[in-house]
Each structure stands twice: as structure tokens, then as C-alpha cells.
Amino acid sequence: MWARQRETSSMYKRTTSRDYSDSLDVESRDYMNTMEEAKSALLQDDVGIETSNPSWKLSFPHVVVATISSFLFGYHLGVVNEPLESISVDLGFSGNTLAEGLVVSTCLGGAFIGSLFSGWIADGLGRRRAFQLCALPMIMGAAMSATSKTLAGMLLGRLFVGAGMGLGPPVAALYVTEVSPSFVRGTYGSLIQIATCLGIMGALFVGIPVKDVAGWWRVCFWLSTIPAIILAIAMIFCAESPSWLYKQGRTAEAEVEFERLFGASHVNVAMTELAKLDRGDEAESVKISELLSGPHFRVVFIGSTLFALQQLSGINAVFYFSSAVFKKAGVSSSLANVFIGIVNLTGSVIATALMDKLGRKILLQWSFFGMSMAMAVQVAAATLASETGSLYLSVGGMLMFVFTFALGAGPVPGLLLSEIFPNRIRAKAMAFCMSVHWVINFFVGLLFLRLLEQLGPGLLYSIFATFCMMAVVFVKRNVVETKGKSLQEIEIALLSQD
């Protein structure tokens, strides 16, 4: 198989990335004005160029393997929800709410660390090895948690798992964006959110026997090592990101991977698009200061603000504390989690169908608007005199909030940011923005119950609704539509606005 690919790719000229870029500048120097002129120039080459869309079937298996990291992300978010009581009894900290909170939140600290370094790992080792490195702490951490006899052992395991959780999502967003044909990039990006939902629901169903089978919580952790091992092994057979290979000056290998992902007839067009924005500085290290000032500040600001508004909308407060609302309505926590999971998954599936039809921007706007209306329902529920009516409104508002979140605010930011960031800073900018995500996530989870007690549900949900409306305005003014555009066209559109 590899021999055949090398033979096929030998028809292409083997040069350094800078030489390749220079030669393509001669053929398609008017590319900055229109992609069509570049394609017309390329048609004069000896190698036939196919101008139709490449087959999605070639890249799909690689994307599916990448989404295993998102499944693991969702699984470890939900794996302690049902078993937490049994864990606390077996490890001797039952009734200690601080210790129980640490078992849940230690993952967030590990995730912050993992996401902070994810960009440097993805750029230094490549996307495939970053996935494998993401799987390693998840395997080790799950094994530590499953075999722990003390609270300290459990927390250490959760910290390791969190590091893998933080590393996985930004690398998944990068990889899916860089290996996907533009016409299905939105659909593929939505698969990340669906995999996360499936992971959360998988953790819920695996945890059902925990109250009836002694020590079942250890099985819950052991089971998570299976998809992690599959991810580490399957990545050996997946394509490396052509964008990353090109940045490393490995042009010939980038051509081979494009052939695997898009087909031989699309290699020259793909390489042309990749070469157009290479300015000869791709190999230089990107510093944090470059992300916070200079020409890249605007896109990093957009990315960080989007993730901040996503968390300040109150979504994780809803996920973390939904069981209490359902219990007041007479619904068990297990059934409540099923309802939340089904609604979240349904919204994500619908988003997959709409992402490449309606576009990212419109989904984001209507998603945040729907979330603000759902929070308005929650405010009405908090002020309603009738207790029965209040409970129905509260449950309905919560389900509506989760559904509208899954339509856009959930899946779009990760995909959109990996599209709008220039190739040179993409990995590190994603890492920075995901770090913002985890910091705000931590503080929302930490302060929600205290704010609920001090401010009351009506005022607190009004604050969340206000952030959602701020997000609508921010998206309208700052976000560019990326549907159906190549990564290079998107970068040109953003540069033209500066």
C-alpha cells in the first residue's frame, strides 16, 4: 500500500516548501483575487486536475478515528457522575463534599494543563503523535483510578486523565479541519460534538449497575482504556496533517497524504492552496506575545471571546446541576441525565446536517439567541407563583437550553476557530483559546451554587441570558462565514478586514 502511494506521488516535483511555493506563484499569481484563475492555470499542467469536490469517503475513516478522542473526553466528563457515591464509600471520604468536588474538578485542572501545551505538542510532534500522547495519560490515569485504594490515588489518576482530556479536543479540531475537504468540513466538525455526546451517554449507561454491583465503579474506569488503546493504535494507520507536513518542509509527504485524503486528481489544487499563504516563516516558533499583539491579535481575540461567552452562557452550570432541578420535579437523576443526553445528541445530529448548508455564523447566532430565550423561560419559572407550573417551565427551559446549545454554540466554536486561525499559529492559538475555555469553565462550576444562593435563580439566569445576547451581537459583528471556503480563502478574507 505504502509502496503504491510512493509510486503514484512520484509524478509530482519534489522540492522544498519554499521552492514549491515559488513555482506555484508563477502558475497562479492571481490566486489572491480568485481561486478560479488559479485552477485555470493549473489545468495547463501535464497532470490532469479535477475541479469537482473530492470524495468524502477517503477522509472519513481518518476523521472517525480522530473523534475517538472526543468520545473519551465526553466519557471522562460523565464517568464519576453515577459512581461518585460508591467511590466515596469505598475510598473512605463519604460525606466529605470537598473531597467529592475534588474528584470531579481535578480533571478540569489537568485539562487546563493539557490544553495549554497542546499547541506546542501538535506543532512539535505532529497531529498523529499528539493523539497518541493524548491517549497515554488517559490510559495511565484510568488505570490509577481503577486500582486506587485512597483518595490521593484517585485524584492523581483524575489529574492524568484530565491532561489527556485537555490535549485531545484542540488537536481533534485541528486535525479534522486540516484533513477535511471544504465542502464537508462543517459536517465533520460536528462529528466531534456527537462523539462527545456519545461519550457522556456511554458513561451514563456503563454506570447504571454501580449501585447493585460492588466495585463496579472500577470497571467503569477500566472500560475507558479500550477506546484509548484503539485511538493510539489506529492513529498509526491514519494520514498525518498535510498542513503540518508542509510547515515542516516535507512537501513530498504532504502530497502523499493529500492523495490518501482527497484522491490523486486533487493533489495539485490542494498543494497550490497550501502554498499560496506560505511566507517562508512557517518553521519559526510562535511566541505567546505574538498571539496577544500584532497581526494575529484580532483572530485570537475572536476565538478567546467565543469560548468565554460559550462558558459564561451557563451551559456547564446546567450540565453539572441539572439533576437537582429534575429531582424537584420528581424525576430521578439517572432519568434526568438520559433526557439531557438525548436532547444534546439530537441537537448535535441536527447541527451536523445544517453546518454545511446554513453555515457556521447563522447557527451560532440563532443558537445563542435560543439559549437566551431558554434562560428567559428559567427566569419566568423562578418568579412564577405556581410551584407545579414553575417546575414544568424549569425543566422545559433546561431542555430547550441544552438543545439550542447543541445546535451551534457547542459544536461551532472549536471548528470555526481552527478554520479562521492562519496555518502558522493555528495549533498554538487553539491551545490558548481552549485554556481560556477551561479557566472560565472551572470558575463557573466553582461559583455557580454560591451565586445561586446569594443572587437567587431569577437574577443569576438573567445574567446568563445577558451573556447569550452579548454573544449574538459579538458573532454578528466579528465572525466571518467559513462555509464551503478553503482555509486559504478564509485567511485572505480575514486579512482583507484588517
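Cβ coordinates are placed from backbone N, Cα and C, and glycine is handled just like the others.
The domain 'Major facilitator superfamily (MFS) profile' annotation in TrEMBL covers 62-483.
Note on the transmembrane segment (58-78): residues 107, 131, 134-135, 138, 142, 161-162, 164-165, 168-169, 171-172, 175-176, 179-181, 184, 188, 191-204, 207, 224, 227-228, 230-231, 234-235, 238-239, 260-263, 337 of its chain, located 6 or more positions outside it, place their CB under 8 angstroms from a CB of the stretch. Residues or ranges marked as transmembrane segment by TrEMBL: 58-78 (among others).
The transmembrane segment annotation in TrEMBL covers 98-118 (among others).
TrEMBL lists 154-176 (among others) with the feature transmembrane segment.
Counting same-chain residues at least six beyond the ends of the transmembrane segment (188-210), those with a Cβ under 8 angstroms from any Cβ of the stretch are 59-60, 63-64, 67-68, 70-79, 81-83, 86, 169, 172-173, 176-177, 180, 216-217, 219-220, 223, 334, 337-338, 341-342, 344-345, 348-349, 351-352, 355, 406, 410-412, 414-415, 418. Sequence annotations record features per position, and here TrEMBL assigns transmembrane segment to 188-210 (among others).
If you look up TrEMBL, you'll see 216-238 (among others) marked as transmembrane segment.
According to TrEMBL, the transmembrane segment annotation covers 334-354 (among others).
Beyond the transmembrane segment (366-385), the same-chain residues lying 6 or more positions past its ends with a Cβ under 8 Å from any Cβ of the stretch are 309, 313-315, 391, 393-394, 396-398, 400-401, 403-405, 407-410, 412, 456-458, 461-462, 464-466, 468-469, 471-472, 475. Sequence annotations record features per position, and here TrEMBL assigns transmembrane segment to 366-385 (among others).
According to TrEMBL, the feature transmembrane segment maps to 391-417 (among others).
Listed by sequence, the residues of this chain that lie at least six past the ends of the transmembrane segment (429-452) yet keep a Cβ under 8 A from its Cβ atoms are 105, 108-109, 111-112, 115-120, 122, 166, 169-170, 173-174, 288, 291, 296, 299-300, 303-304, 306-308, 310-312, 314, 316-317, 320-321, 417-418, 421, 460. Summarising the annotation, TrEMBL assigns transmembrane segment to 429-452 (among others).
The transmembrane segment annotation in TrEMBL covers 458-475 (among others).
For the transmembrane segment (154-176), the list of distant contacts is 63, 66-67, 69-70, 72-73, 76-77, 87, 91, 102-103, 106-119, 121-122, 127, 130-131, 133-138, 140-146, 148, 185, 188-189, 191-192, 221, 228, 241, 414-415, 417-418, 426-427, 430-431, 433-434, 438: same-chain residues at least six beyond its ends, Cβ to Cβ under 8 Å.
Within its own chain, the transmembrane segment (98-118) is flanked in space by residues 76-77, 80, 84, 87-88, 130, 134, 137, 141, 151, 154-155, 158-171, 427, 430-431, 434-435, 437-439, 441-442, 445-446, which lie at least six positions past its ends and keep a Cβ under 8 Å from the stretch. The average pLDDT computed for the domain 'Major facilitator superfamily (MFS) profile' (62-483) is 86. Away from its own ends, the transmembrane segment (216-238) comes close to residues 61-62, 65-66, 68-69, 71-72, 75-76, 79, 83, 86-87, 90, 128-129, 131-132, 134-136, 138-139, 142-143, 145-147, 157, 164, 203, 206-207, 209-210 of its chain (Cβ-Cβ under 8 Å, at least six residues beyond either end).
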